[in-house]
Structure formats: C-alpha cells, structure tokens
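Below is one structure, written out as structure tokens, with a few remarks after it.
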Amino acid sequence: MPLRGLGRLRRCCDAGRSLLPLPLPLRRSSSSSSSARPNQASSGTALTAEEEEAVERIKSSLFKARNGSVEDLVRSLGAECSEIRLTSGVADSLLRRFGDDWKSALGFFQWAQSRGDGYAHTPDACGRMVDLLGKMRQIDRMWDLLSEMHCKGLVTVDAVAKSIRRLAAARRWKDTIVLFDRLEDMGLQRNTETMNVLLDALCKEKKVELAREVFVVLSPHIPPDAYTFNIFVHGWCSVRRIDEAMWTIEEMKKKGFPPTVITYTAVLEAYCKQRKFRRAYDLLDSMSSQGCHPNVITYTMIMTSLAKCERFEEALSVSDRMRSSGCEPDTLFYNSLINLLGKAGHLFETSKVFRLEMPRNGVPRNLVTYNTMISILCQYGRDDDALDLLKEMEAQSCKPDLHTYQPLLRLFLSRRGRGDAVDHLLSELVNKSGLGLDLDTYTLLIHGLCRVGETDWAYRLYDQMVGSEIVPRHKTCELLLSETQRQNMEEYVERIRNDIIAFGLCP
C-alpha cells in the first residue's frame with residue numbers, strides 16, 4: 001500500500017513523463033600485432049579457452065553491426081553466434097567490457113535471453129544492464145528491463161538502488177519517488193535501507209529539501225539510523241547550508257546516534273570549500289574534546305584544501321598537527337601532497353616529501369606515488385630524473401601501468417628527433433611491463449607523432465588501433481586525414497575516409 005503523503009510529494013515534483021507500470025603497440029619498423037589479457041568472470045576466475053573464444057566472437061559480431069540498431073545487433077549475433085555455448089562467465093565478462101556502449105550491451109543482453117537454450121541471465125547481470133541503461137539516460141529501456149526482472153522474480157535491492165540513483169541523476173524526481181513507493185509490489189520492503197537509498201540519491205543531486213520532505217512523510221513509518229542523518233549532513237553541506245548540517249547533527253544526537261568522524265569530516269570539507277579554515281580548526285578542536293578524533297582522511301582533506309588555496313606552508317604543517325594528535329600520515333596523504341605541491345611549482349618541496357619525509361615516517365610509496373612524481377618531473381622537462389624513477393620502480397617491484405608511461409611519451413613526442421626514445425619506451429611498455437595500449441594512449445601517440453612529422457608511424461598505430469577494435473576519436477581521424485592528404489598518401493587517405501563513415505564519426 002502506498003504511504004500517505006508520498007502521493008502529494010509526487011505531484012509536487014517537477015518531473016518529466018512518469019514511468020510506465022511497473023593489443024600490442026607498433027614499433028617504428030614492426031608490423032601490427034596484438035595480445036589480449038585473459039578475460040575474467042565476476043568471481044575473478046579466469047575464463048576457459050572456450051569461453052574466451054566465445055567472448056571474442058561475440059565482440060567481433062557486434063563490432064561489424066555497430067552502426068545499426070539494437071535489433072540489428074541481435075540479428076547479427078543470431079546469424080553468426082547461434083552455436084556458441086553461453087555461460088554466466090561469458091556474459092559477465094562481456095557486460096564489464098562494454099563500458100558505456102549501452103547499445104552493444106543491450107543487443108547482447110536481448111540476444112542471450114532469447115536463445116531458448118537454457119541460459120538465463122543472473123540477477124547480477126540484470127542489475128549491471130539496468131545500471132548501464134540508467135547511466136546512459138535510456139530511462140524507458142531501463143524501466144522496461146526492470147519490469148521484465150519483476151515478472152521473472154529477479155528484482156534485487158541492488159538493482160532497485162541503481163535504478164533510483166539513475167532516475168535521480170536524470171532529474172526524474174517524481175519517478176524516483178514512484179519507484180520507491182512501489183517496492184512492495186516488486187516483493188521488496190520499504191525499510192530503513194531502501195529509504196536511505198532514496199534519500200541519498202536525492203541529496204546527491206542537491207535536492208535536499210525534497211529529501212527532507214520525503215523523510216518527514218516516511219519517518220513515522222520507517223525508523224532512521226545513523227546513516228540517515230549522515231546523508232542529510234552531507235546533503236546540506238553540498239548545497240552550502242552548513243547551519244542546517246549542524247542542526248542535523250544535534251537532531252542526530254537527540255535520536256541517540258553519536259556523530260562520527262565521517263559526520264564531522266563532511267562539515268569540515270564544507271568549511272574548507274568556503275575557505276573558512278578558522279572554523280574548520282575550531283571544529284577539529286571540538287571533535288577532539290568530544291572524543292571523536294579526526295583521522296587521516298580528515299587531515300588529507302584539509303591539507304588538500306589549503307594547498308589548493310596556495311597556502312603551502314600551512315598545508316605542510318597539517319602533517320605536524322596529525323602527528324601531534326597521534327594520527328600518522330599514510331600513503332594517500334602524501335600522494336595528495338606531492339601532487340598539489342608539484343602542480344603549484346614547488347618541485348624542491350615535492351622531492352623533499354618523496355625522498356625524505358615519506359621514508360623518515362616509514363610510509364611506503366605505491367604506484368600512484370611514482371606515477372605522480374614521474375608526471376611532475378616530465379612537466380618540468382626532467383626526463384632523466386623521470387627515467388631514473390622508472391628504473392627505481394622496477395627495483396622496488398612496483399609494476400608500471402599506462403599512466404606511468406604516458407607523461408614520458410608526451411614529453412618525448414614534444415621534442416623533434418626523440419623518436420628513438422619513444423620507440424624504446426613502447427618496447428619497454430610491451431615487452432617488460434606486459435601492457436597493451438588503450439584509446440587514450442593511442443590518441444596521445446598518434447597526435448604526438450603527427451605533430452613531429454612522423455605521419456607514417458602514426459598511421460601504422462592507427463591501423464593497429466582499428467584492428468584491435470578500438471574506435472578512434474573523431475579528432476584523431478581528422479588530424480591523420482589532414483596529415484596524410486598533405487603528404488599525398490592517397491591509400492591512407494581513402495582508408496581513413498572510409499573508417500570515418502563506418503564508425504559514424506561524420507559531423
């Protein structure tokens with residue numbers, strides 16, 4: 001039965017239409033080659049060889065029909081993949097790899113459930129599909145799928161939570177409340193957990209006053225918990241109404257829920273965003289006097305805020321205040337400090353923190369620490385020092401990733417005559433680190449090579465990227481087309497023009 005009062009709130013919401021009923025990189029002189037990491041199921045277990053082959057065949061079929069409708073994708077799979085044995089591992093691996101490509105994901109999803117061979121999507125797979133459709137603003141399709149899940153008894157709290165968050169993000173306030181009001185029709189409970197999902201979704205979209213109205217209606221029927229009040233504290237702080245946040249903390253205490261460091265950190269962050277650091281320090285003192293001691297996350301946030309305001313000496317002093325309170329800085333704290341000091345041009349202080357302060361305090365460096373330092377050194381043209389850090393990572397058994405190499409590649413590509421250095425880095429990236437290139441790295445390389453006149457090399461990388469079923473960005477195609485036209489590379493020009501049409505990249 002709908003709760004009294006929610007109907008009035010739904011009518012007051014400014015909403016839209018209501019819901020219906022319920023690969024390897026190319027070296028300069030090498031030929032194209034590729035490699036793929038093993039696919040994994042949701043449990044982390046590697047897929048079998050048969051399952052990996054199924055994943056690749058399905059991806060290939062979808063890629064061929066990528067410019068068609070969802071129905072075209074379903075037909076393509078039906079024509080080319082009907083004999084494939086589907087497993088939940090194959091489905092999960094594919095749904096994870098589609099990224100934001102909702103059309104391919106939905107084409108696969110619909111084809112898989114229509115096969116009639118005994119395969120059935122798991123609730124987790126359904127929830128993932130619901131979330132992707134909501135994320136990409138395919139709200140009507142999301143609701144259709146949720147209704148199908150309800151008919152099959154597959155609706156879970158997680159799927160509903162994702163739907164509520166996506167509806168709120170799409171500013172469908174009325175529909176967000178309607179979905180919560182119909183939970184019992186779907187076999188779920190309207191309880192503290194689901195109420196918190198609704199309130200949190202509204203507050204995250206800065207509809208805190210509406211969330212408060214909903215809470216007033218629901219609270220006589222559904223008891224709040226500490227998380228309920230924390231949602232409102234964060235919500236009021238997000239709309240810069242700190243007085244209401246502090247009032248909520250007092251209400252929280254009266255209900256028997258002592259505020260935690262998470263509660264106070266939200267208020268501290270709001271003060272810092274408004275550059276009211278004196279009030280932030282006063283609240284820190286008040287927290288300690290109440291026995292609620294700030295943690296390293298609290299201090300990291302304050303330090304980051306100070307550094308953004310270029311109050312660097314004060315930011316550095318935060319670590320002293322941490323230690324005096326018995327709270328030791330961790331790797332995340334120092335990573336944030338190094339990043340902000342580097343961006344502010346304080347290279348000496350950055351190196352001091354990295355080389356002296358972290359070892360002195362026994363704080364280990366991780367991949368992000370090294371990546372941040374390498375990026376900063378490249379920003380200042382210190383390529384030798386950056387390369388030394390790359391060697392140090394190897395000695396420390398800290399495996400680089402693509403973010404490690406990208407600043408170095410960008411630096412060498414900005415200098416004419418450093419093609420050998422780029423070639424060496426790519427070889428190391430593949431042969432030593434076992435990495436493959438992604439869209440961002442391909443884009444970086446192709447654009448950089450075009451700028452220094454290495455058009456042929458840039459085209460070979462482009463050819464490999466397309467061969468790896470990575471769709472290039474429009475600006476990449478346009479740049480490479482312009483460069484190949486300028487150098488009368490007619491064969492390349494024709495291929496790129498055809499790709500622009502095939503990928504649907506025409507403006």
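Keep in mind that glycine also has a Cβ here, set from the backbone N, Cα and C atoms.
Feature annotations, reproduced from TrEMBL:
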type	residues	note
COMPBIAS	24-35	compositional bias 'Low complexity'
COMPBIAS	36-46	compositional bias 'Polar residues'
REGION	24-51	region 'Disordered'
REPEAT	225-259	repeat 'PPR'
REPEAT	260-294	repeat 'PPR'
REPEAT	295-329	repeat 'PPR'
REPEAT	330-365	repeat 'PPR'
REPEAT	366-400	repeat 'PPR'
REPEAT	438-472	repeat 'PPR'
Counting each residue once, how many in the repeat 'PPR' (295-329) are helix, strand and coil under DSSP?
26 helix, 0 strand, 9 coil
Using DSSP, tally how many residues of the repeat 'PPR' (225-259) sit in helix, strand and coil.
26 helix, 0 strand, 9 coil
I'd like to know the mean pLDDT over the repeat 'PPR' (366-400).
94
Which residue counts does DSSP yield for the repeat 'PPR' (330-365) in the helix, strand and coil classes, in that order?
27 helix, 0 strand, 9 coil
